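As given in TrEMBL:
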TRANSMEM  A:12-32  transmembrane segment
TRANSMEM  A:60-81  transmembrane segment
TRANSMEM  A:93-113  transmembrane segment
TRANSMEM  A:142-159  transmembrane segment
TRANSMEM  A:187-208  transmembrane segment
TRANSMEM  A:223-251  transmembrane segment
TRANSMEM  A:263-281  transmembrane segment
């Protein structure tokens, strides 16, 4: 019983983080059909903001808010620097500019801060544990689960009930038609980047909260995870990204528990083999995105 | 109301529209006729702001909208119904209509009033309000796209081939509805391949061929022109 509880909490907390990461990536991809390769750096920005703010003596929650705000600012900045100038011209150009922006941010962190890990301030509660039904669980896992439930519900509400959210869904289906109804392209794209930055900021704090330190390359793994989760779930579907995130977490956690110590360092190889199998079975991903063609 | 002067549209080196000029007066229903590939839809898309003009000018009520973006054009009072019948299939009928009123989203009372009026005009849409638009039949989708365009309270409506791919009975309904809209004082530019139906409702018409306007006149004059079918059959 204790094991079942432990396992469930592990899957849900890892899955919640994965789902939020994937959601942040797919929100931009759905509208622009472009992967934002600088997405991982938004998590890095959140981490370094925490590090830089750590000497200020501000309460932790203010530092965390500041980190999220900075991730949003850099999300919107990604749009202005890497996407907007070349968006209308060439898809390849945007691919390269988003890579370039990612590199620029990483190298700025290397140059102006340090290549070595920097400590991120964490509140006491992140290192505490509680016992639930005999299972010893870090409190930060429960915080991650709570945060992901709240954020997933908030995103679902935004996308279903608000005019902006509905306009974003419409733009993800047929951008030109949405513009012909007066939905401003730039507002929609900037909103998508801001939402993406917001999710990256929150995930950044939770993710870095596991490790306790931030390095310039910290965003690579979340980017990869988000990318794989969206590929499994269906590149253009928001529910797909969430399902993909939880499924990937289920695979990872199961392997963590079942693989022997020798094999554990090859865990990613096992994970990716399973991902390949899933994609062979459903190449379009588990959940079909919004239809983009019209019915005839 | 809507003045097109020497308008050209190019796709790379291919010139789809070659310096056409025409006008649509206030409250008039003008039809743009011609075979596939004559440049009608390119003209519509260009007026709507979805395609860039390579030359000429588009003026709406004295305002130059040649270089305007699609969102600026609809704010200027010109709504477009593209031939591809672009409903947002995953959004409900109600959500589709709500987005049609995007530029008036602050005026909820006005939108509700407008929606009630459209629901009387299109009772099917009221019945299917909470259904995803992708589950509607072709005819219902066409009505939805037109109703959605009307939610922006346009002064000019561009209709691109509203009868495309629809059963004759439905086409009849659509044209009845176009007449109703015309009677309400709306200025309409109607692109059609269905010449007889279009001329039955139009005040005036222009015939396009290979990117240029070859004939123009009142609906009766155009109908009397015997070589009209030649333009369609490529003669």
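Using N, Cα and C of the backbone, Cβ positions are placed for all residues, glycine too.
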Under a Cβ pair cut-off of under 8 Å, which of the recorded stretches A:60-81, A:142-159, A:187-208, A:263-281 contacts the transmembrane segment (A:12-32) most often?
A:187-208
Determine whether the transmembrane segment (A:142-159) and the transmembrane segment (A:187-208) share at least three Cβ pairs under 8 Å, counting only pairs 6 or more apart in sequence.
yes
Which residues of the chain, 6 or more past the ends of the transmembrane segment (A:263-281), have a CB below 8 A from one of its CBs?
228, 231-232, 247-248, 251-252, 255-256
Give residue numbers and ranges for long-range contacts of the transmembrane segment (A:223-251): same chain, 6 or more residues beyond its ends, CB-CB under 8 A.
11-12, 14-27, 29-30, 35, 37, 39-40, 152, 155, 159, 172, 271-272, 274-275, 278-279, 284-290
